[in-house]
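Asker: Below is one structure. I have some questions about it.
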Amino acid sequence: MAGSHPYFNLSDFTQPSPPSTPPSLPSHQRCRPSNATKGLLMALLGGGLPAGFVGPFSRMAYQASHLPSLELLICRCLFHLPIALLLKLRGDPLLGPPDVRGRACLHALLNVLSIGCAYSAVQVVPPGNAATVRKGSSTVCSALLALCLESQGLSGYDWCGLLGSTLGLIIIVGPGLGTLQEGTTGLYTALGYVLAFLSGLALSLGLLVYRSLNFPSCLPTVAFLFGLVGLAVSVPALFVLQTPILPNDLLSWTCVGAVGILALVSFVCVSYAVTKAHPALVCAVLHSEVVVALMLQYYVLYENVAPSDIMGAGVVLGSIAIITAQNLSCEREGQVEE
């Protein structure tokens, strides 16, 4: 019959067609960011950018009330102590498992030394230059330590980014090192750069120790230990080496609170990032702290920024872009990343 012919089957035309939906990809073809991508983005957005505010705020607190560096370190450590409540709620030991407790305390001690040297350095040299030396030394030392101790290789693009970021840091700090004044002022300035270098060395060692820790609640445990060990070291050292001061102005307390919060965020993000990506690449991405510190140094502290600083900051940003673009990748769901 004619009505049964496909061309005369009107029901095909009168019935509404179901909405077309794009075919879903099989689970093995769906992509998600790789661990290296997650680590580098966390280091850039959560580690480097907040840390760039710490140096200028520390210098503002020192200029407002001559707040000693160890006292500022004590205030920062106090922000880490409430993490003990989280560990108690989870039923985890505050000091970590007994078999890794020594390494966890060593990691905390290295971070305390790193932060103490960094806070002392920003009081005698511009915060941008101090951050430059600290991040440059941490990057170089992390790369060498990872190659010697962990036998972790880097690609050609990664080495290009590392060398470029180191070159940018040399461009920033080189002219300042060549024009040190003679006498007491020049001696204090040179001491500030030495402290910044030691701060970066201690940071790289601390990151390497943290990568060897592998137990539940590792991140909150080391964050709490930083506050505990920091108080145990800095409180006696404050009364021996420096004079405690109680600020009586709102600006100093605001800067101290901002330093504590931003430094805690940066500490957590960097500790997470170093478990996902190579420590040298994490330190290289953290060079974004230098660019933020230079901007605040010019616009907030009204300190001069030389053309070499701007040129070096551009080289650093380009190197970060190379490293990030090289390591931006995705892995298929259900596929284990090597």
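Just so you know, glycine gets a Cβ as well, placed from its N, Cα and C.
Okay, so TrEMBL annotates it like this:
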type     : residues : note
COMPBIAS : 16-25    : compositional bias 'Pro residues'
DOMAIN   : 39-173   : domain 'EamA'
DOMAIN   : 191-324  : domain 'EamA'
REGION   : 11-31    : region 'Disordered'
TRANSMEM : 39-57    : transmembrane segment
TRANSMEM : 159-178  : transmembrane segment
TRANSMEM : 190-210  : transmembrane segment
TRANSMEM : 222-245  : transmembrane segment
TRANSMEM : 251-274  : transmembrane segment
TRANSMEM : 281-300  : transmembrane segment
Asker: Please give the sequence-distant neighbours of the transmembrane segment (159-178): residues at least 6 beyond its ends with Cβ less than 8 Å from one of its Cβ atoms.
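Answerer: Here the qualifying positions are 125-126, 128-129, 132-133, 135-136, 139-140, 143, 193, 280-281, 284, 287, 290, 294, 306, 308-309, 311-316, 318-320, 322-323, 326.
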Asker: Counting each residue once, how many in the domain 'EamA' (39-173) are helix, strand and coil under DSSP?
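Answerer: Helix, strand and coil residues of the domain 'EamA' (39-173) number 111 helix, 0 strand, 24 coil.
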